[in-house]
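Input: a single structure, listed below in structure tokens.
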Amino acid sequence: MAQSILPAVRDVTALRDAVRAWRKAGLRVGLVPTMGALHEGHLSLVRAAKERCDRVVASLFVNPRQFAPHEDFERYPRDEGGDSQMLAGAGCDLLFAPERGVMYPEGFATSVIVADVSVPLEGDFRPHFFGGVATVVTKLLLQCLPDVALFGEKDYQQLLVIKKLARDLDIPVEILGCPTVREHDGLAMSSRNAYLSEDERRIAGRLNLILHDAIKAVRHGAPIADAEAEASRHLTAAGFTVVDYVAIRHAETLAPVSDASSARILAAAWLGKTRLIDNMAV
Ligand code: AMP
């Protein structure tokens, strides 16, 4: 049976009208923000939203403000038709797909900057990134005003940044993190995996295994700095071209830790022109 095509709105007024009508009817609303090129990871968020809410909105917006000029904004995969089908199949009720001018009209001049958790790791290597993410997510939360918004632990530092901005700005939306969905070999699903050559895809599957080994080493008493350095060496030996970081940090603050309780391991590494990130609880 053919899947129904999802209703779509493209401006904030239409989005607010739809959400307001649902809430007036006593329905609970969930929001799943995405940049499209959807995969099972995104759909798991839609399903988790549907379990907790009566109606689910997914947003689709490739946010130019979170890409640096040298990054992959232009070649980022885009397929609204395919995404819409997948969302409908997962139980999504409404697609919010604004044009750039709706999100950033002429004269747009405001940025949301979250200190602390934005600063290390991704913040070191992509200094523009969290400002772009925090600004667009703040806008999406305020445009939609859902009961709950769902984000993947795949982007763990991003999840911490979003929890912090919602708390700091008194945005009345529950922020819920959901587990990372992985391929058969453990590679975290990502829209950017589509960039990988066959060879790179094989090597990519080593990232999660090397992080698992580092966790094991720490649990067996290896010093944290040694486990980080060893994992970094293994990534290079496996064929990763550049390792941005492998870091074992406090799971809430991302501050360096001296023991593994409440820790998270996070990593970012390049395969040619593709940058992969992953993380796990220690
Ligand atoms: P993106 O379209 O990459 O901006 O991601 C949109 C949302 O999907 C974010 O909350 C991501 O953390 C989440 N996400 C991306 N990949 C995965 C995955 N493999 N498992 C779970 N959530 C994911």
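Any Cβ shown, glycine's included, is placed from N, Cα and C.
For 35-42, 152-155, Val181, 189-192, the entry in TrEMBL reads ATP binding site. Taken residue by residue with DSSP, Glu153 (ATP binding site) is part of a helix.
Per TrEMBL, active site, proton donor is recorded for His42. Secondary structure from DSSP puts His42 (active site, proton donor) in a helix.
DSSP assigns Gln66 ((R)-pantoate binding site) to a helix. Among the features that TrEMBL reports, (R)-pantoate binding site is placed at Gln66, Gln158.
Feature annotation from TrEMBL assigns beta-alanine binding site to Gln66. Around Gln66 ((R)-pantoate binding site), the same-chain residues at least 6 positions away in sequence with a Cβ under 8 Å from its Cβ are His128, Phe129, Phe130, Gly131, Gly132, Val133, Val136.
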Neighbour tally for Leu38 (ATP binding site), based on other Cβ positions within 10 Å of its Cβ: 25
